Amino acid sequence: MALPTDDNADTASSTSTYVHKLPEPFTTSDLVVLTQGAEGLVYRTTFLTPNTPCVLKYRPPKPYRHPTLDKRLTKARLLAEARVLVKCRREGLQVPAVLGGDWEDGWLALEWVDGRTVREVLDIWVHKLGMRARDGKPDETTGGASEGDVEAQKKEQEERLWEMMRKVGRAVGRLHEIGVCHGDLTTSNLMIRHERSTQPSSQPSTENVRPRGRQTVSTMREAAMNGEGPPQYPSADATSRSNEPEDLLEGAIVMIDFGLATQTVQDEDRAVDLYVLERAFTATHPAAEHLFQEAMRVYGETFKGAKKVLKRLADVRLRGRKRTMIG
Amino acid sequence: MIALGLEGSANKLGIGLISHPSPNKPPIILANLRHTYISPPGTGFLPKETAAHHREWIVRLIKQAIKQAGVRIEDIDVICYTKGPGMGAPLQVVALVARTLSLLWKKSLLGVNHCVGHIEMGRAITHATNPIVLYVSGGNTQVIAYSENRYRIFGETMDIAIGNCIDRFARTLMIPNDPFPGYNVEQYAKRGKNLIELPYAVKGMDVSFSGILAAADLLAAQVGDTVAEDKRLKTEEGELVTKEDLCFSLQETIYAMLVEITERAMAHVGSKQVLVVGGVGSNLRLQEMMALMARDRGGSGFATDDRYCIDNGIMIAHAGLLEFSTRVTTPLEESTVTQRFRTDDVYVGWRND
């Protein structure tokens, strides 16, 4: 779909005014709105101790829905999400831990994952590699190195990117292997956990700084901890100066947002998961298509039956998501 | 410019005359006539009978519309007809008449997408500039957003349309089809108070109604005076479940599904306006729920009344005239009809936002 998906930029500014009265034990102090989805709101806050950061997913009652139906849906969805997460943890997958929840009040507290989304990292990468290719000459990071060295370095960096894609393929493969389909597998719902702490840029370029949505996790966290008020996200330019992209690719792949996840072993559901992921990657950059193939190659080796899913993916691709409407 | 619009994709035959005085002025509705084929309770409308109805009424209705509008044949610039989607036989009747008139009067011909007709009419009446559109009727259930000269489908039904679900449930309960089944179900629902559990089928931005209809039909078999006392469906409190309760439960469940997928689409594209079009859009409970949701998101909901949201000729004339203004016409040899015509197949050349 060619419609703008930059809901981060658009909704973040409006969400800051959109704070519901939260159920106990949460208060508005130490609270940062990350995003407003259709289902509910996602906050960053603390849980149990002031030093335990967490993600709070709050599903406020929907005034348009019959109260009985509303309770039923909130309970079913909240429990489904929590159960899937717990199952994933038990199987050793990298997903946020469930810290607590209450289906009557509609909240679920999850472990805070420090890192960046794959979408963000890819954006930085595409920007960086694209810039070098366009210049066709060594840039600041390579100094006076010869053309050959630049090529070699570029190759090495690309290899890191390929390695990240293999990790993505493995992670999704493992998820499907244990009988879970994510339901909304986009690059924004895949994170790379920060293994080491990176310093924020000392001189963020002010002109490009603007608030964003859920992508901003690590910067937002830093900002919140330093008490800097509304979270600011340094643009790709600023970030690539402070964080070498190579560093961004280190760390485990963590899948987040299991709000639409289902427990299923059907090839169709798995293939649709992959199709959504493929479209998310190709939407980021045309070059990402090759990268995605690598992820799928690794996916095909992760579990028995994965090859069958890949065959099904070819069918799903042909069909698209939409059939010709009757009537 | 003046257009004659002929609509007959389902059981409504609509004839409309509209004038677009100039691009910056609002359109003027000259005539908007409709005649509906109503089938007996417990039955639906079938293509053959519906086509016969349209054949019987179309000439009379066109004559009456032109008379009412007070226009001369020379004043008409283009004849617009519904190309699809819809039932084949009724569509053919209307297209045949459109072709005949175009040859007889030497007018341009234009085949219009029925769904785009609904969207454009809704936009013109409500002045909603760029809303998320929920198009709900007996044959269609779609969540639509405009982007780059297309009305793109974000979510839709995986099986039957919502109106079809309501109509068929009305048939099960032997609720009359006059004026239309959805209206009568709405009146029943107003008197219902117990929410009976029905399946809730939302998948991402898509919905499914066939399973809900099957479940509701099963429940309906346990309701009513003809069922033995001990076999009748009761609530947890031991109250007897009524037909009214079932209508209420069906409406609450399926409308909640619609509002949910619409809200998801709004969150996705960051839109604050929502416009409901199509026959089911005349349901006041759906309009109320949609407005509540939009308000919660800091936006607003738009809807039209039954003159414009139920199938009519004006919307075909209006959308046709918009397209005609971009110098598009349908040559005679291409003036066919199609039962399947996707909303996003139409190039929306008249919008440049």
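Cβ atoms are placed via backbone N, Cα and C, with glycine included.
Note that TrEMBL annotation is computational and uncurated.
Of the listed candidates (B:ASN24, B:ASN32, B:ASN283, B:ASN312), TrEMBL assigns B:ASN283 to the same substrate site as B:TYR135, B:VAL136, B:SER137, B:GLY138, B:GLY139, B:ASP167, B:GLY182, B:GLU186.
Binding of divalent metal cation is attributed by TrEMBL to B:HIS114, B:HIS118, B:TYR135, and within the candidate set B:ASP305, B:ASP306, B:ASP311 the record adds B:ASP311 to that site. The DSSP secondary structure for B:TYR135 (divalent metal cation binding site) is strand. Proximity to chain A (Cβ-Cβ under 8 A) holds for B:GLY139 out of the binding-site residues B:TYR135, B:GLY139, B:ASP311. Highest local Cβ density among the binding-site residues B:HIS114, B:HIS118 belongs to B:HIS118, counted as other Cβ atoms within 10 Å over all protein chains shown. Distance between Cα atoms for B:GLY139 (substrate binding site) and B:HIS114 (divalent metal cation binding site): 11 Å, as a whole number. For the divalent metal cation site, the Cβ centre of B:HIS114, B:HIS118, B:TYR135, B:ASP311 serves as reference, and the other residues of the chain with Cβ at most 8 Å from it are B:SER9, B:CYS115, B:GLY117, B:ILE119, B:SER137, B:ASN140, B:VAL277, B:GLY278, B:MET315. For B:TYR135 (divalent metal cation binding site), the same-chain residues 6+ apart in sequence whose C-beta sits under 8 angstroms from its C-beta are B:CYS115, B:HIS118, B:ILE119, B:THR141, B:GLN142, B:VAL143, B:ILE144, B:VAL277, B:GLY278, B:GLY281, B:THR343. Reported as a whole number, the C-alpha separation between B:ASN283 (substrate binding site) and B:HIS114 (divalent metal cation binding site) equals 20 Å.
In this entry, B:TYR135, B:VAL136, B:SER137, B:GLY138, B:GLY139, B:ASP167, B:GLY182, B:GLU186, B:ASN283 make up the residues listed for substrate, with the farthest two CA atoms of the set 18 Å from each other. On its own chain, B:SER137 (substrate binding site) has B:HIS118, B:ALA161, B:ILE162, B:GLY163, B:GLY278, B:GLY279, B:VAL280, B:GLY281, B:ASP311 as residues at least 6 apart in sequence with a Cβ closer than 8 Å to its own Cβ.
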